[in-house]
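Report on the following structure.
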């Protein structure tokens, strides 16, 4: 592990658990039961103890973060992932952790924007936009990317699939962001359809590429 990787893992890990510090500062202002689960409209439909609300989500995020960080470094082809993609991976769990904090603490103290499902949609759109930008630069590996039998068996298939997927994910991210800011049509269900589409279309493309060029 390089010194640079150690530093970014440390920084992102600290950010991931930063909401715990906020929770401890706000401890006496939090109710005994805190909303920790919300429906598509941002309405609370699940409650947890104050202790779980302050510690639970962020320790889970930290575990997932460290699993991603060290699991990626254990990949035999980790050099193919690229430093920028690896850095992006390391920032996903901290972003999720901060989002959870914004949703939980925001709802508790009446911050309406944090309670809106559009906040979730904006984050999803940004995530697809960022990942899509780096997908074409990600070389064949076993950890990051579209890992189906046909991409793992052929570098040509991997490269073609990820070039197409990168454009598709960027376009999907832009559409999701546009859905988030318009007031006329229901954004969440259409965003879910878009997410499923940009997830499965590259897999189908990879199989079709295999049938046409490699079988």
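Each Cβ is built from the backbone N, Cα and C atoms, and glycine gets one as well.
In TrEMBL, annotation is done automatically, which means it is predicted and not curated.
Annotated features in TrEMBL:
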type	residues	note
DOMAIN	14-61	domain 'DUF1648'
TRANSMEM	7-27	transmembrane segment
TRANSMEM	47-73	transmembrane segment
TRANSMEM	85-105	transmembrane segment
TRANSMEM	117-135	transmembrane segment
TRANSMEM	168-185	transmembrane segment
TRANSMEM	191-211	transmembrane segment
Sequence-remote partners of the transmembrane segment (191-211) [C-beta within less than 8 Å, at least six residues beyond its ends]: 121, 124-125, 128, 146, 148, 150-151, 153-154, 157, 160-162, 164-165, 168-169, 171-172, 175-176, 179-180
For the domain 'DUF1648' (14-61), the number of residues DSSP places in helix, strand and coil: 26 helix, 12 strand, 10 coil
Integer mean pLDDT for the domain 'DUF1648' (14-61): 90
Within-chain partners of the transmembrane segment (117-135) [C-beta distance under 8 Å, separation at least 6 from its ends]: 40-42, 82, 84-85, 88, 92, 95, 99, 102-103, 145-146, 162, 165-177, 179-181, 187-188, 191, 195, 198
